[in-house]
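Structure, as structure tokens:
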Amino acid sequence: MSVEITFVEQFQEILQNGKEQIILLNFYAPWAAPCKQMNQVFDQFAKDTKNAVFLKIEAEKFSDIAESFDVNAVPLFVLIHGAKVLARISGANPQKLKAAIDEYIQPLISQISSTNASVETQVNSVQTTNTTSNTSKAPNGLDSELNERLSTLTNAHNVMLFLKGTPSEPACGFSRKLVGLLREQNVQYGFFNILADDSVRQGLKVFSDWPTFPQLYIKGEFVGGLDIVSEMIENGELQEMLPN
Amino acid sequence: MVNAQQLELLIQNTLEPTHIEIQDMSGGCGQNFEVIIVSPLFEGKSTLARHRLVNHKLQEVIKDIHAFTQKCYSPAQWEALQAK
């Protein structure tokens, strides 16, 4: 099961006591939609994975811990063993996180139980593991892993906004205007800052067959950009599409 | 370079319009157009589907325009709008 860090000393104590264990850190922000989705994924992985410690750390609340792990964007997952960082997985990508768990946690456990070699050697050998991946294409031409990821992201909330920046700090005029419109309409939505992840930014243009941002999705379906959503509000179309 | 006449001709040839209004917002350099298009092709289509249709039909000129703003109405909607 995963553990929510509630005070700094708790974190330090777990690290101290868990030197022989693999620990997976999840740095998140409670207001960020990708983090909410990934926290659910993380909790599920925690249930499914034995012999590892899963910790959830609110990055802004525990900024000293976050700083010591160079957290620049959330969600960020850091896999550690003793004093060593085994892997860093950035962004809302369940497949990547699962791959890291499979690569580092399961093999390391089995190696520890099957040999008497030093921990140092085992960690090094694990670190050099080479992952071979099979790349296949989704019908829209996107890499199937990226397509699956985009499908997950666009369904993270009933209403999802992909914008430049965040609702409180939009990075372009169009994103700011659309945030304003949604606020006026009292629309509840999740969001994703495309400036934080260029593969999402480029992938969504194909996924939606729409070249510009912001992009609004309802129940995983692309609805439109600023011009279209504005028009839909005028003609009542948006209100009809919104879940109650 | 795109001019209003080219744009109108292409709309006429591809979108079966019953009414077109084109404004060149760029002061004549053909970089920023606002258009109103009324066509039976838009009947029963969502706002997004209408925009997709127009973007597809006009893509050979839209790609050369810096800013393109459109409003699409079915003839019935346009009549209702004019009656206000």
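Cβ coordinates are placed from backbone N, Cα and C, and glycine is handled just like the others.
Of the listed candidates (A:Lys164, A:Lys219), Swiss-Prot assigns A:Lys164 to the same glutathione site as A:Arg201, A:Gln202, A:Gly203, A:Leu204, A:Lys205, A:Leu226, A:Asp227. Most buried of the binding-site residues A:Cys172, A:Leu204, A:Leu226, judged by other Cβ atoms within 10 Å, is A:Leu204. Under 8 angstroms separates no C-beta among the binding-site residues A:Cys172, A:Arg201, A:Gln202 from a C-beta of chain B. DSSP assigns A:Leu226 (glutathione binding site) to a helix.
Within the same chain, the residues at least 6 positions away from A:Lys164 (glutathione binding site) whose Cβ sits under 8 Å from its Cβ are A:Pro170, A:Ala171, A:Cys172, A:Phe174, A:Ser175, A:Asn193, A:Ile194, A:Leu195, A:Phe213, A:Pro214, listed in sequence order.
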